[in-house]
Each structure stands twice: as structure tokens, then as C-alpha cells.
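So TrEMBL lists the following for this protein:
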TRANSMEM  A:21-45  transmembrane segment
TRANSMEM  A:57-78  transmembrane segment
TRANSMEM  A:99-119  transmembrane segment
TRANSMEM  A:139-157  transmembrane segment
TRANSMEM  A:164-183  transmembrane segment
TRANSMEM  A:203-222  transmembrane segment
TRANSMEM  A:242-262  transmembrane segment
TRANSMEM  A:297-317  transmembrane segment
TRANSMEM  A:349-367  transmembrane segment
TRANSMEM  A:373-401  transmembrane segment
TRANSMEM  A:413-431  transmembrane segment
TRANSMEM  A:443-467  transmembrane segment
């Protein structure tokens, strides 16, 4: 098998390299384990019902899937043409200019860190009653959150690759279990097929933006498919297929499970039940037909799903910092790895420091780990990713306006423009509805802090890029080109550039 | 006491990248492979067999070098001339091919010894340990000594030092250099290291970074 189809089939170099390359299934698995299906279905959806009181979540998942799929047409097309395709800021740098790219990189770091700390809160809050039940351990949420934090911190620094087969098995089990539980909920007595979760008018009504952000939160991780653009068997097809398959699978699974859950509880009662039962709602509704063993299994997979998400986001963050450190946008120390393992140690340590600080602050202040950390962090991160995706959509248009070679009109103009317009509308609704999303009064502190912190970091990133342009043009020139760029990477390139730090 | 002789850069890099007593690698297999692959390509440049033009390897002389490891690489490049950029060659050599060639060359010269260990599950594990820890530690010592004494490194040693930085080995073996020494070494890279080899080492370093991003390192 040859890499591009144009080279002779008997090339030993091509054959050897092809053996290491990834197929569609491998990329789908990687993406979906960051998306953490059970965490979304059993964690984000019931909490979101309780906080926002909105039930149109199933149709929101489907609508967001369509928007993201349209966006992905241009996104994966551009990934074929640029280096460092794993990071939004590379697209923004090359499509809209380096200053906006650096702004995007800082927003991305905040958004992914919000996901990361959210998963610590979620794990602690969800594990607290389970550990009391299973082992008789009465530990407060933050002790359990810190245990998960320590596990992720150690794995991150040592870069112990959690066995791909283990992750894949857990993921398949998680998906099967979600389906089985949702089907069980359909068979219960209280089930009455409800149209409320699928009512498209909720997407134009009050609170539409809140629903859409919750839905986007469930998809985050889909953007990571392009990390493997140059590692895939067929650069033109593998990643694009994997991206569409992942989006479709996620959408159908989430929409079905949330529809079943809301219908089983009753659309008029589900908000009250979600408020009372929290993440237990999805399990309680299925408990009747399935029995205790299934319930325990479901709970165990819920926790492993959260841990898989933590590990995924931790790795995304540490590598983001590595890439920025190599380019000199962040201090060069972040561009170093542990020689024996290739672990981006300093980025990993920095992320762990952030995680520790957040857990400690929440514990000391006595803030609620489920709503104020898991849900706010998760949906706040979802909002950040939504804004980044929107900016990237425009970057794709900008990039192909200047480099139209090799892509047809659909990939470089039509889909990107439609996607960008739709995303702009979603972003507007999201910011407009931020108070509904967080379940607070409009204009109150959380409703201001979340969007403003993205804005402040974005502007700060832009200013930092402008400073680099004036003071360190060599570094500025390499922004967004990533570790792949030979002109701008680690210690040796720094030596050539008289950049000794 | 006489110093051990200077070996080809790939051999020196191999010895530097392994524990001098037990032979345990200080680098991940992928990073070691990229470093050794670049070192072998660098040797072919020092033999004046190939050039790096932009990102392509160009053969300027197809005669064997008289050394089995570099000749084996040269023959492969001859067979698939012009089909792959330097990054693909590095990726290919890093799959274990470069490490294997260098291990065989060092074993032939009796600088490393093959050790077989029976594993718990019955299989045997083959590893290599340095024949003499003083010889194995010499390349790194030589670089440190010359840099701290303000002596010039020759081109082969600049290649070695460049690849030590590119693979991150400097955290192990150049950690004792102070800021002034490092600046002096960097000055030598800029003034005395041929542009083509600078480009090769930069490509290797970028490949190492890339492996980290794609979770292959």
C-alpha cells in the first residue's frame, strides 16, 4: 500500500511508514474517548435540566451535529494543508493572522482547563455517594477529586500511555451501556414518548443558546481528529470520515439517550426529578427493569468515563503548552519533554498545578462541585470551544481565499461560509443566554466572569503577539507553524536563533 | 591516560543516549531512532555522499563509504532516490532501522555487548550493554570539556552536540554547562556548523517535537 497512491507500490520506505498509520476506527475511538459519552448523558444532561429547566436537549444535539459537520468540511480540508493541525490557534494564525492566533491559543488553554477541572469536580461529586455505598468510605468530594487529580498528574508527567485497547474496551462498554439503559428506560411503566426533547421550536425560543452550548459541550473532543492528519492511512479520507462518523455517532447516541430519559421521567416532571436526583436520574430511571448489578456496572463506567475524559484533556493541554513553548509563544521550558518518555512534563505540571488550585479553592470556599464546578466548568469550556470553533470557521475561509489550490468550491468556500454563519448565530445566542445556561441572574458575577475571562485572555494574547512582532520577530514568524516547523522548535533551533531561553 | 578514539557521530550519539553501565536507553525508542537516523544521514553528508537541498536528499556520489551502516542507508536512498523528503527518511529510519544498524556497528567494534536475559514468561530479552563505561561516557565528556575550555568542536562533534539538543538528551548530559558555556556552544553552531547539517538537525528536532504532538514519542 502506498501513501498517496502516486508512488510505486514497492517502496520500502512507504510500506514501513504505512504500517504505523492509523485507520478510521482508531481515530474515531480517540475522539470519542475525549467526548466521554456516559459523562455527558448521565452527568451533563441531567445537571443541565436541573440548572436551566430546558428540555429541548435532544434536538439541540442533532442541530449542533449538523452545524459541526458543516464546519468540519472546511476544517479537515484545511488540516491537509497546514502543519500543527491539532491546534485551533494554528488555523487562526494561518487564516486570520498571528495576533488573533495567539489570542485563540490562550482562550483554548482556558477552555480546555475548564473542562479538566470540571471533570475533577464531577468525579468527586459523583464518586462521593458511590464510595460510601460500595466501600463504606465517607470521604468528602474533594478528597476523591484529589485522588483522581493525583492519578492524572502522575500519568501525565510519566506519560504512561493508558493502553489503547483498555480505553477502547471501556468506551465500547460505555456506549453499549448507555444504549441498554436508554432502551430499558423506554420499557418502564412511566415512559410516554415525549416530543418536548425534540421540539425544534426550542431552538428559536428563550434559552436556545443555553441548550446549544450544553449540546456543544457534549461534542468537545471532535476537533482532535485532525491531530492525526499526517499519521493517517489516507490523508484525504481517513480523518474526514472519522470526524463525520464520530459526530454522527455522538449525536445519535446523545439524542436518543436524552430523549429516552426525559420521556421516561415525563417531560413535565423531569426538571424536578433532575433537581432532586442529579446524575442519578439516568440510572434510577433504568433501575427497575435492569436491577442492581447493571446499576453498579453503570456507576463504575460513569467514573471510568470521567477518568478517560480527564486523561484526554490533560494530554491535550500539556501538548498545547508544549507546542506553544516550542514556538516561543510561552516560555521555552514548556517546550521540553522528559527524554525517556517524550512526556511534555512542564505543561503537564502546570496543568496539574491549576487543577490542584481549583480543587483546593472550591473545597475551602465550600462551593458546589457538581453545579458550580462540573457544570459551570464544562459548559464554560464548551462556550470557549464554541467561540474557538467559530473563529476557526472564519480562519478556514481566510486561508482558502489565499490558498485555493487543491480543494474544490464546496470544501473551501460553500461549506465554510455556511458553517461560519451558523456558528456566528450560535455564538451570539450562547453569549446572550449565558445567565440561563449557568442558572444565575443576568448580569450576576458568574454570567459576567465566564465570557469576560475569554475576552480578556483573547485580547491579552493579541497584545502579546504584537509585542513579539516588535521585539522578537524571529519567534513571531514561527507562530502557528508548530513543532513541525524546522525553523522554530526546540533547543537546537533556539540556539541557531540566538534565543538561549 | 589516552582518550578513547572519536567514533562516527551515530555511535557516539548511541553511547551518549544510554546508561554507561547498564545500557538502559535514556530516550524513548522513537526519539532515539530519529536521533540515530539523523546521525547516519549526517555521516553520509560528512562522507560527501549526499546533500540536503531544501527538504530533499540528493545523492552526489553513490560509492560505498567503506562502513556497513552508512552504506546500508546510502543503498536504500539510491533505491528510492527522489521519492521521499528528509522527514520521511527520518521517520523511516526511526522505526528501528537506524538503531539496529548502529547497534550492529558498535557490537562489531566490541564497544557494546549483547546480553540475553530470560524473562519471567520464558521469552528471552536481548539488550546491549557498553563494554567499557569509560569509553561509553567519553563522547559527552569530550563535548563538555571542549566547550568549557573554549576549544572548537569539529564538525562531527557539532553534529553530535546538535543531536543531543534536538533529542532532549542535553537535560542529561549537558546540564552542567553554565549559561556562558551554553552561549559559547550556540555560537559555534552558528559560526562553524555547515548550513546543510544545521538544516538536518533542525529537521530531526522538528520530527522529535512532532512525535510528541502525535503521541508517538
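Each residue, glycine too, has its Cβ placed from N, Cα and C.
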Restricting to CB pairs under 8 Å, which listed stretch, A:57-78, A:99-119, A:139-157, A:297-317, A:413-431, is in contact most with the transmembrane segment (A:443-467)?
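Comparing A:57-78, A:99-119, A:139-157, A:297-317, A:413-431 against the transmembrane segment (A:443-467), the winner is A:99-119.
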Is it true that the transmembrane segment (A:413-431) and the transmembrane segment (A:297-317) have 3 or more Cβ pairs under 8 Å, skipping pairs fewer than 6 apart in sequence?
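Taking Cβ pairs at least 6 residues apart, the transmembrane segment (A:297-317) and the transmembrane segment (A:413-431) are not in contact, as fewer than 3 fall under 8 Å.
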With the transmembrane segment (A:349-367) as the reference, find which of A:21-45, A:139-157, A:242-262 contributes the most Cβ pairs under 8 Å.
A:139-157
Taking a Cβ cut-off under 8 Å, which residues six or more beyond the ends of the transmembrane segment (A:242-262) line up next to it in the same chain?
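For the transmembrane segment (A:242-262), the nonlocal Cβ contacts are 24-25, 27-28, 31-32, 35, 37, 40-41, 45-46, 49, 55, 57-59, 61-62, 64-65, 68-69, 72, 75-76, 175, 178-179, 181-183, 185-186, 191, 194, 196-198, 215, 218-219, 222, 225-226, 232, 270, 281-282, 285.
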Could you give the residue numbers and ranges of same-chain residues that sit at least 6 residues beyond the transmembrane segment (A:139-157) on either side and whose C-beta is under 8 angstroms from one of its C-beta atoms?
119-121, 123-125, 127-128, 131, 306-307, 310-311, 314-315, 318, 338, 343, 345, 348-349, 351-352, 355-356, 359-360, 362-363, 369
